[in-house]
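Asker: Before I ask anything, here is the structure I am working with.
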Amino acid sequence: MQPISWRERLQAYYYLCRFDKPIGTELVFWPTMWALWIASDGYPDLKMFVVMTLGVLFMRAAGCAINDFADRKVDGHVARTKQRPLATGIIRPIEAIWVFLALVAASAALLLFLPIETFYWSFGALFLAFIYPFMKRYTHLPQVFLGAAFSWAIPMAYTATGQAPDLTCWLLYFGNLAWTVAYDTQYAITDREYDLKIGVKSTAILFNRFDIPIISTLQLSSLLLIGMALYIENLLFPWGIIGLVVVAVDFIYQWTKTKNRDPQLCFWAFRHNRWVGLIIFLAILAAFRF
């Protein structure tokens, strides 16, 4: 391959970090904001908001870089991922590692503005971000590890505000984890035929013909857990109920689209989950304001 210009290299890094595809950032950002708003009694500090937002952005990008490093030998065999920078060879594996480390360092710098407890919790975030991409080789439950990683910012938001993670925090955590496994299983269905050929494991393969019913069960579980958290914080009536009903209708709509397991429609449903987190956040915001 011919040498590439710095402009092309920077563009490859941009794609490596998925800055062109912000949905992953949104899926982490909104649950983080649920926790930040609730832990702050509806009035988070601006500095805290900025720090947590940048942390989500940096760590999600770091996760993408290490994910592509882990998948560099299989992405070329999957239609959806064969144009990723590492799969095409436009950048080297060592460059993905350096990008990952740089983003982790940027995230670590943000911890200087947060309490020491948040620093301790950050080791869990780093551990989960690093191991998740490799889990799909050893277990059919990589989506559970992704759910744990995507939800880790929830207890971190609590500690960032000086609060100890309480029952509400853990209800939000496991509610978000269930939702994450649901939408990432939708995502995995789109690649299932390729994953079966190349030996990549996923919940879509594990659940097999029960995939759609299990996704619906996970979505219902997430609504119940998040609803319990809102109830404890006196945020359920009426705005929390309104938000959760809207989300339930959206989940039903997703089911109508995915029940036949069309890969393109399953991918559409996955992307549609970006609205779920926003709707719940708006419900929390309204409950504090009205």
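Glycine too: its Cβ is placed from the backbone N, Cα and C atoms.
OK, Swiss-Prot features for this one:
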type: TRANSMEM; residues: 23-43; note: transmembrane segment
type: TRANSMEM; residues: 46-66; note: transmembrane segment
type: TRANSMEM; residues: 96-116; note: transmembrane segment
type: TRANSMEM; residues: 118-138; note: transmembrane segment
type: TRANSMEM; residues: 141-161; note: transmembrane segment
type: TRANSMEM; residues: 169-189; note: transmembrane segment
type: TRANSMEM; residues: 212-232; note: transmembrane segment
type: TRANSMEM; residues: 235-255; note: transmembrane segment
type: TRANSMEM; residues: 265-285; note: transmembrane segment
Asker: With the transmembrane segment (212-232) as the reference, find which of 46-66, 141-161, 265-285 contributes the most Cβ pairs under 8 Å.
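Answerer: By the under-8 Å Cβ criterion, the transmembrane segment (212-232) pairs most with 265-285.
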Asker: Do at least three CB pairs under 8 A connect the transmembrane segment (46-66) and the transmembrane segment (265-285), leaving out pairs fewer than 6 apart in sequence?
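Answerer: In this chain the transmembrane segment (265-285) does not contact the transmembrane segment (46-66) - fewer than 3 Cβ pairs sit under 8 Å.
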Asker: Using a Cβ cut-off of under 8 Å, list the residues of the same chain at least 6 residues beyond the transmembrane segment (46-66) that approach it.
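Answerer: Here the qualifying positions are 16-19, 24-25, 28-29, 32-33, 36, 40, 96-97, 99-100, 103-104, 106-107, 110, 113-114, 125, 129-130, 132-133, 149, 153, 156-157, 160-161.
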Asker: Considering only the recorded stretches 118-138, 169-189, 235-255, state which has the highest number of Cβ pairs under 8 Å to the transmembrane segment (23-43).
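Answerer: The stretch I would name here is 169-189.
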